[in-house]
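Pulled from TrEMBL, these are the features on record:
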type	residues	note
TRANSMEM	18-40	transmembrane segment
TRANSMEM	52-76	transmembrane segment
DOMAIN	62-167	domain 'ABC3 transporter permease C-terminal'
TRANSMEM	109-131	transmembrane segment
TRANSMEM	151-174	transmembrane segment
TRANSMEM	194-213	transmembrane segment
TRANSMEM	228-261	transmembrane segment
TRANSMEM	290-311	transmembrane segment
TRANSMEM	527-551	transmembrane segment
TRANSMEM	585-603	transmembrane segment
TRANSMEM	615-637	transmembrane segment
């Protein structure tokens, strides 16, 4: 037998152990290849379409490569660790260190080449589907199937280089040359003693991370310094606290919980409880890093997909908030094109059979009498209430010399008290020295922020008095049924307004326009792109986590078989063995999933607080889908596990 054949036999002999690792690597390569097929498409090279999506896919390619590098490094390192006994036998038989490293290198490269081959094959099979999906998102017609030579070459170069790099580095993980040390590897199963102090520290980290994530508005409202500090550091501090707490949960708190279970003698001594509880500590001890990695990868996958899934809801909410009316046109008194613009828009609505209602409102430009004057726009109470009725908003009522200030300032809404110092109880207008009592600040505005940033709702009499000394503007709002479908009109309308502004070359254009339909349509396309790519990345992370879990379960089989062979000799039944093994497997499988689900819930809670939106449906769907996959995966592994356990045991 040649050395190459020996390496090949080693891989085929351990095919079941390598299976999940191979599948995960091949899937990552297939996704990388699919993105490359899109990026190198000849039609996209001839057009300047959706540059943002191209950049996003390129970044995703880099993320996949980095993830694959660390995943390969961890997986191969774990393989080598559990095979040290085998390496010890080879050392006794006379293999040199150089030959041992060459053997490991050949095995890794063999798996790597097979992963690249099958990954590219899988990518080729689904490339047409992937191109159809991306064509729908980017609205580039005719993204035909082609032979992706450049994508194949790039994928092969990147991942061959990656496997060569990892395969060259990992043999150094076999640090000892002594055969006795290698042969004894894995025989030590001492129970870890938990530190109460470190356990408390880990619990504090976890709870602190959850509290910070669940109450963003509270911490932001504590004042300028604390609010800004929280806003800047939370994105780094919260994940760090949760990650540290998760690690200490598996490395310390879990052993403390097991110790507590052992002190409850009635429960501990009942049937097979002693068997699985006493063995669980040893199983967790050898799998601390694995459990932590699975929990964090699952958290990353769940959170990413939940956020991207829920972001579609936020885009519509934000579009309506920015443009309460789908179409708004602002005209100054000197504007000579107002009728032309309005007639053009109404004609388009009629041609495409959109039902609409036009609301005209006059507003007046005023400023505050202070050292740094601020610009406001005044509106009659009666005119405002007409708009409020159309939008199903509350009506506002003011007396003479009273005012509501409507500021659609996103920072003011989310940051709260940071801007409280800018708020006034009394406002004096420059135009007629009118002193106004400010009844309340509101964080909404019926006009787009880009056109009218701050609105004063005054009594009709006060506005009449201002009309002779202030600059007047007319705002035309259009309430359109099925406005989301009017994105073509919105795009053409804004283009026409921009072209007319360019044509007159005025320093201060006499007309402006804003619309929501095309803006929402474009944002939805971008969100769909993010969701598509984010879902693929999330699935890669989840499959990576699953493959790590599968491998650890498989490598523990030998020890488990030896243990149960011994115990069955003193009367353990097959049903009791299966019950004990199932409980242990379920804990190792589902505790990381539960931890990841809790992390995701608090991360989503933070987003809900900030956006004032509910993502309950989105997170429920995501966790149910992944939970179903986790259960199916568990049942599959359990079936295989029980089958292997029973092979060498006679009941």
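Indices start at 1 and increase along the chain as displayed.
Any Cβ shown, glycine's included, is placed from N, Cα and C.
Residue counts for the domain 'ABC3 transporter permease C-terminal' (62-167) under DSSP, split into helix (H, G, I), strand (E, B) and coil, are 91 helix, 0 strand, 15 coil. The transmembrane segment (151-174) and the transmembrane segment (52-76) are in contact, since at least 3 Cβ pairs between them lie under 8 Å (pairs 6 or more apart in sequence). The stretches the transmembrane segment (585-603) and the transmembrane segment (18-40) are not in mutual contact, being linked by fewer than three Cβ pairs under 8 Å (pairs 6 or more apart in sequence). Distant neighbours of the transmembrane segment (18-40): 11, 54, 57-58, 60-61, 64-65, 67-68, 71-72, 75, 79, 111-112, 114-116, 118-120, 122-124, 126-127, 130-131, 134, 143, 148, 150-152, 154-155, 158-159, 533, 536-537, 539-540, 543-544, 546-548, 550-551; these residues of the same chain sit at least 6 beyond its ends, with a Cβ under 8 Å from one of its Cβ atoms. Sequence-remote contacts of a segment are chain residues at least 6 beyond its ends whose Cβ falls under 8 Å from one of its Cβ atoms, and for the transmembrane segment (290-311) they are 74, 78, 242-243, 246-247, 250-251, 284, 527, 530-531, 534-535, 537-539, 541-542, 544-546, 548-549, 552, 588, 591-593, 595-597, 599-600, 603-604, 607, 613, 615, 618-619, 621-623, 626.
In the predicted model, residues of the domain 'ABC3 transporter permease C-terminal' (62-167) average a pLDDT of 83.
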